[in-house]
Amino acid sequence: MTLAEFFSCSLLAFGPPFAMFALTIANDPVRIIIMIAAAFGWLVSFLLSSLIWFAVSPLRSYLAFGMVFAIIMQEACRYGMYLLLRKTEAGLKEISENHEICSNKLEMAYVSGLGFGIMSGAFALVNVLADSVGPGSVGLKGGTEYFFVTSAAMTLCMILLNTFWSVIFFNGMDTKNYPKIMWVIGSHFFVSGLSLLNKKELYVVTILPSYIILIVTVVIAFKCAGGSSKGLIQSFTGRPLVVEN
Amino acid sequence: MGTKNFLYSVYLCFFITISFKVIRCERLREQIYSSIEGGAACFRRLNGTHQAGCSSSLNGEVGVVQMVYNISDAQWLVHNSTAGPYMAVVSTALYYDVIELLLQEPANIAGILLYDNATMSPEFFSQESKCPNEYSSDPHLSQCVKPGGIVWNEKGTGLLRRDIPYPIFFLPKTRIDDVSKIEDCYNRYNLDRDNQKGRPLCSLQLNSFMYAAVNSVVCMRRSASSVFLSSNKVCDPLGDYNVYYSLFPRAKETEATKKPVTLVTARIDSASLFDGIAPGAASSVVGMVAHIVTAATLSKMIPVTDSKLYDQNVLWTLFNGEAFDYIGSQRIAYDLSRGAWPPVAPLSPSDIRLHVELGQLGGSLSLFKSSASWPLYAFAPYSSTNATASKILEFLGEMSTYSSLNNITVSPKFTSNIPPSSLHSFRRILRNVTDSGSLLEILLVDHEENFSNLYYESALDDYEHIGYVYHNISISNEGVFISTDELLANGTMKETEAQVKIANLATTLAHTLYQQIAGKPYTGTVKASAHLVDEMLYCFLRSQACRLLLAADYASSPDEPPAERPLPLYVGVAAWASPPAVYAGHLLALLTGGHLRGNKSDCDNRADTGFSYYWLRGWNHSGVCIETTMNFSQAVSPAFIKSDYDLTSGEFSTWTESVWQAIWARVFVRASGAGARLAAVAGVLATAAAAVVTFWLQRDAALVFVDAPPSVAGIIRTVNC
């Protein structure tokens with residue numbers, strides 16, 4: 001019963017990112033390198049934020065304090081990743097066998113965002129997963145047994161958000177479009193702030209708005225990447241002649 | 001941190017757990033599980049042919065909590081429950097009524113948690129068999145198992161000797177909080193009995209995995225390392241030390257000057273089904289305390305320096321391991337039969353004139369708590385028409401002159417049905433002297449038929465059930481105890497109290513023994529002190545951090561006092577010397593031995609072959625050199641020292657105890673599986689959706705992302721050229 005919980009929660013949290021990784025990243029070594037580099041970047045941000053948390057000992061027990069610095073550090077590292085990728089883009093293209101890489105400028109943003117997200121998701125969920133193996137489940141001191149599935153759903157949301165935040169953030173930087181960057185940082189604070197409500201077991205209140213933010217973020221990222229809804233609809237109805245021209 | 005520490009809280013928690021551990025961050029694990037501390041587990045013992053006791057699986061048994069409040073709960077559990085296996089949570093008051101039912105149909109039961117409830121104390125509670133030690137009793141002296149025989153331990157359930165298919169844990173009265181914790185959880189989740197399947201249910205996990213299995217032969221073989229394989233020990237033989245002390249030193253005796261001895265014995269050990277709990281108040285402590293106090297009294301009546309005036313000696317012996325097929329007395333009888341006990345100046349069985357055993361004495365103390373009298377019974381394994389019987393009657397006649405002065409009646413019982421005692425060991429192993437009557441045997445107990453102690457060798461055989469109340473009277477620096485008469489006169493104690501009765505018994509027995517060895521009635525004034533009895537009972541029943549044991553401890557041992565709880569009297573494994581025998585031996589030495597002047601090195605350098613010397617703390621804790629004949633001898637069954645012994649023969653005790661690594665219990669809520677199903681469905685859908693969308697967008701990227709921002713074209717072109 002509980003081993004099923006472990007595997008199904010893992011599937012929920014990491015299945016979609018894995019599918020994305022397998023279809024878009026796994027076939028290109030350069031993308032894999034970038035993804036790993038981004039994951040490392042997230043770890044650096046985590047190390048820095050924990051150092052701050054540790055240094056400011058009187059505020060250690062306040063979750064919100066650590067959270068604020070964790071977000072600031074993550075966004076700083078996202079900016080660092082942006083600078084790094086923009087500096088190394090040409091070189092990466094050189095060593096890549098696939099010269100089609102970077103045909104879309106935001107491809108790297110997507111790859112690094114996924115790396116960022118997967119690492120943050122791994123850290124968020126690994127402890128929870130470790131305890132989901134059983135034989136017990138949450139409930140003795142309050143809480144419901146849906147804790148594990150909500151944790152996994154929230155983790156999935158964060159992974160996807162991080163992916164698309166990177167796309168928006170990189171695009172915002174490229175085009176000096178600061179409202180987009182404000183959206184990234186603002187929604188990051190908002191979603192993380194919502195997760196503080198988990199303490200009060202208001203899962204619906206956390207998850208529903210988070211997924212609404214995710215949908216909005218996906219739409220913005222789609223636009224940033226140059227996606228057009230017309231093109232999307234056309235892709236369903238068949239390939240128009242226009243493109244073949 | 002809150003209940004649902006998530007994302008960032010988990011980040012932080014993770015960081016703390018792996019790196020600094022500065023502040024206590026509540027892990028999710030602590031939200032899920034609540035451990036049950038202070039539970040004592042039933043463990044596994046093995047004999048030559050069987051295994052007895054409990055074991056869980058390697059990771060512990062998990063079962064749904066079911067509070068058993070009455071018999072119908074237990075019947076429902078066994079016959080009608082649907083979400084099994086279950087953990088039955090049973091109070092000691094209900095134990096007797098439901099245990100057979102739960103053992104008969106173990107399929108639906110994962111284990112039992114037994115708890116003691118101060119408000120509902122059972123009237124009887126014993127896991128010992130109805131006929132304790134029936135397989136090592138002398139068949140001519142035991143009718144317990146025969147139809148029509150007196151069943152000694154009538155309310156015994158015999159769990160101690162049975163192979164129990166699941167773990168059993170015991171929670172003492174002091175841990176009732178844990179029971180209410182379980183009950184709360186049970187009330188929240190498990191009350192709707194008919195719809196338990198597919199719901200989250202309050203559950204218990206009990207872990208008491210035992211390494212040994214099958215029987216002692218198998219586990220000893222597995223424990224022995226061979227040339228080819230090194231192995232881990234899986235079981236150890238039970239055993240400890242017997243204590244003996246002679247009134248006069250015997251070491252320098254020659255064949256010509258050898259004095260016949262009267263052997264006065266009692267037992268040290270008790271048992272219970274559960275690890276670390278063996279209070280044994282009525283089962284053994286009262287007999288042992290009476291024994292030590294009698295020895296102390298007699299040593300005051302006859303100074304050791306007067307040994308030349310007497311042509312008889314008294315050998316006081318405390319047996320250990322008697323609960324498990326008479327380990328201690330079998331060993332001594334065996335050693336006597338081969339001329340090896342005591343190790344210095346061995347006795348031959350014919351040197352022993354009389355054997356008086358102080359058997360189980362405590363049970364009737366509470367029955368007669370409102371009366372000053374205390375009826376005792378002297379069992380003698382002879383027919384009343386026999387010539388031997390008259391010798392016994394002679395002894396009892398002498399005894400009755402003293403006992404009537406002390407409000408005690410001793411009724412003789414000539415019978416071939418002797419309660420469990422070392423008499424059985426002596427009969428079986430030293431048959432030629434015991435049968436012929438050259439070694440007279442008497443057993444003093446407080447019951448005529450069934451045991452008066454209804455908690456025989458159980459976890460509840462404690463001070464409350466013998467009605468013992470501590471008086472806490474201080475002891476002078478010279479170790480002088482207030483006499484019983486004075487205590488009674490000034491109203492500190494009443495004649496009905498256990499302390500006074502035990503002191504009276506000790507006085508009676510000491511005076512009788514005096515008459516035996518001196519050949520004339522005792523006319524002096526030395527009597528056993530109820531004050532001493534009070535202190536000694538406190539040491540063994542309430543707290544080992546007591547005045548007597550502190551004074552009787554080695555002066556060199558560390559100053560920190562022992563824990564303020566009674567010592568479990570379980571015999572333990574032979575590889576470890578357990579404290580009860582050491583305490584009893586030191587008490588005998590302190591109370592009967594000579595207190596010599598001098599310092600520690602003088603004491604260590606003394607070498608009189610008749611005595612041994614102990615540097616103990618003494619009454620004023622400044623150290624005292626004790627000259628005593630007290631000594632210890634091994635109480636390990638002959639089965640483990642005879643090289644060619646067949647462990648399956650049943651001749652000697654073959655008990656071994658399994659090794660275990662961890663014993664723990666925890667309560668938690670088991671998931672119904674709804675969360676897992678939801679996660680699985682959502683996971684499959686999300687993964688499939690992500691795969692389709694990604695695939696679609698990638699395939700049609702050129703079509704969808706028409707306004708893609710261009711790459712940094714300039715550089716690339718130059719590089720690519």
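Keep in mind that glycine also has a Cβ here, set from the backbone N, Cα and C atoms.
Keep in mind that what you see is a predicted model, and the values were worked out from it rather than measured.
For A:6-25 (among others), the entry in TrEMBL reads transmembrane segment.
Note on the transmembrane segment (A:32-56): residues 21, 25-26, 65-66, 69-70, 72-74, 76-78, 80-81, 84-85, 92, 108, 111-116, 118-120, 123, 166 of its chain, located 6 or more positions outside it, place their CB under 8 angstroms from a CB of the stretch. If you look up TrEMBL, you'll see A:32-56 (among others) marked as transmembrane segment.
For A:62-85 (among others), the entry in TrEMBL reads transmembrane segment. Same-chain residues lying 6+ beyond the ends of the transmembrane segment (A:62-85) with a Cβ under 8 Å from its Cβ atoms: 34, 37-38, 41-42, 44-46, 48-50, 52-53, 56, 108-109, 112, 116, 120, 165-166, 169-170, 173, 184-185, 188-189, 192-193, 196, 199.
Taken from TrEMBL, the feature transmembrane segment covers A:106-126 (among others).
The transmembrane segment feature in TrEMBL is assigned to A:146-169 (among others).
If you look up TrEMBL, you'll see A:181-197 (among others) marked as transmembrane segment. A Cβ distance under 8 Å defines the sequence-distant neighbours of the transmembrane segment (A:181-197), meaning residues of its chain 6+ beyond its ends; these are 63-64, 67-68, 70-71, 74-75, 78, 154, 157-158, 161, 165, 168-169, 172-173, 205-206, 209-210, 213, 216-217, 220.
Annotation comment: TrEMBL describes A:203-222 (among others) as transmembrane segment.
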When you look at the transmembrane segment (A:146-169) alongside the transmembrane segment (A:6-25), do they share 3+ Cβ pairs under 8 Å, ignoring any pair fewer than 6 residues apart in sequence?
yes
Can you work out which residues elsewhere in the same chain, 6+ from the ends of the transmembrane segment (A:106-126), have a Cβ less than 8 Å from its Cβ atoms?
9, 13-14, 17, 20-21, 24-25, 31, 34-43, 46, 74, 78, 81-82, 85, 89, 151-152, 154-156, 158-167, 169-171, 224-226
